């Protein structure tokens with residue numbers, strides 16, 4: 001008898017208790033010698049997490065409050081008996097929540113919304129995604145599972161569930177997959193809540209959230225809405241549609257016969273660019289957060305946001321990555337903390353760390369400006385070096401404290417000028433100031449000329465806004481600047497002396513503030529302890545290039561496998577390399593069309609040399625079944641990776657798809 005082998009698929013049962021994935025925070029394990037940096041990294045990372053959570057709550061507060069009010073209003077509408085309320089009761093209350101195209105950020109918003117609804121409105125909340133609701137029965141099953149917290153039967157899993165029910169495991173009671181079962185469950189819940197008969201005043205809504213409406217199958221969605229509309233008298237349903245594009249998607253997906261069953265209300269969240277502005281304002285453009293980014297790293301993060309995903313969440317992850325890389329790669333990052341803590345950390349530095357300070361380019365520039373005796377003391381006297389560094393760190397913190405108010409003042413004055421010479425967003429002006437002396441640029445000169453042409457009312461309004469920016473700052477220089485601005489404003493209002501003269505004085509005063517306080521951070525000694533500058537590292541981690549990585553692995557397998565046998569020089573590939581590496585190297589020597597037989601012959605020759613066969617041996621270069629199979633597998637892998645494809649021009653040839661560094 002011949003034995004027949006079969007492969008049978010056993011679908012996992014929903015009854016089996018799924019293991020919850022524990023969320024593990026990203027920890028960056030620093031070398032043992034970086035103990036101080038590790039402590040500071042944990043403090044700064046903790047501060048960033050608190051900032052991020054508070055920021056997320058602040059950004060979503062208005063839209064979430066509006067949605068909560070909408071659910072309460074829809075729930076109370078059912079209590080009234082007037083004609084208008086009865087008409088609305090025959091429709092399903094639906095909130096169309098337009099969140100924008102920053103899809104990676106939507107999960108956090110819906111998670112917060114679900115938690116708020118469960119805490120303050122109703123415990124009956126179910127969140128759905130399109131990928132798990134491909135058919136109507138799947139959608140219905142997910143709704144019942146998440147609302148009833150029970151195992152739902154369907155026809156395909158009936159036999160398997162019967163088998164599991166006979167086991168001794170403690171399982172939830174299974175229910176039939178229908179809205180009638182949900183209605184019965186809801187009635188039982190309502191009766192438990194009320195000691196007497198079902199009280200209409202205590203009916204809690206059943207909220208179903210469709211996270212990604214555009215991705216749902218329109219036919220599945222239509223059928224589900226039609227079914228739900230028939231149970232409204234028994235089940236107080238409510239929908240929330242998560243929309244990434246436009247509210248008109250509801251009309252495009254649902255015909256009038258279905259959309260008329262919905263009582264739609266539109267809710268619009270802030271745009272992702274407004275979210276980004278708030279994040280940058282709270283986390284980057286502030287002196288209270290010690291970690292900073294230089295211009296190139298900042299530009300990489302903003303470019304990824306604007307040209308890839310519009311995700312504020314990913315932007316913050318990029319900022320966290322830069323922070324961790326800074327504390328990992330910079331031993332002096334232990335000084336990247338608040339002023340008092342930095343003074344304490346400075347006194348704990350050892351001889352090796354002090355030598356690293358002496359090697360900093362910014363410190364060398366500052367040292368070379370001193371007299372010879374001063375330079376000798378800085379090179380030899382550790383105690384004196386700590387004393388000088390203490391003053392330099394204090395000056396660096398003072399620089400940051402004055403930099404951001406003046407930056408906002410300059411942005412306030414120039415953001416409304418024609419053609420926005422210094423940018424429309426404050427981040428654009430910040431990038432200019434990080435790269436160079438902003439007052440030396442032509443755009444700055446143009447902005448100053450335009451300011452000298454402003455009318456009286458416009459200039460007074462802008463100066464008042466600048467005064468509001470400087471008001472909360474606890475700095476003597478900023479207080480003096482605020483006083484001078486108010487004096488110029490009062491002089492104009494009390495007497496109408498030649499307005500052009502006073503206007504020029506104000507513009508020149510602002511120009512002086514810019515030149516004193518908006519110097520690039522590279523001009524400040526010890527700026528390296530706070531500023532992260534490796535833009536290439538951030539780009540490599542966040543903006544990956546799979547094709548380059550694949551080609552690097554195939555061309556230099558030693559970099560990944562770390563086997564000494566694979567070491568080679570001059571870009572050649574070792575004979576002992578994996579088959580796909582050998583095939584890749586040989587295909588680089590071919591033209592647009594590759595003859596498979598010639599390719600196989602060349603491959604067999606290389607493999608024979610790797611096996612130790614000499615050119616004079618009988619089996620050298622001969623193709624056996626094993627080599628043939630290995631070659632076919634290597635070619636199939638290269639086709640899968642996109643290096644070659646089959647061609648109809650010649651049946652025994654393949655077409656090459658990549659050239660040069662592509």
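Glycine too: its Cβ is placed from the backbone N, Cα and C atoms.
All annotation found in TrEMBL is predicted automatically rather than curated by experts.
Listed in TrEMBL for this protein:
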DOMAIN    2-335  domain 'Origin recognition complex subunit 3 N-terminal'
DOMAIN    347-480  domain 'Origin recognition complex subunit 3 insertion'
DOMAIN    483-534  domain 'Origin recognition complex subunit 3 insertion'
DOMAIN    547-659  domain 'Origin recognition complex subunit 3 winged helix C-terminal'
Looking only at the domain 'Origin recognition complex subunit 3 insertion' (347-480), report the model's average pLDDT.
91
Which residue counts does DSSP give the domain 'Origin recognition complex subunit 3 insertion' (347-480) for helix, strand and coil?
103 helix, 0 strand, 31 coil
Is it possible to list how many residues within the domain 'Origin recognition complex subunit 3 winged helix C-terminal' (547-659) are helical, extended or coil according to DSSP?
57 helix, 10 strand, 46 coil
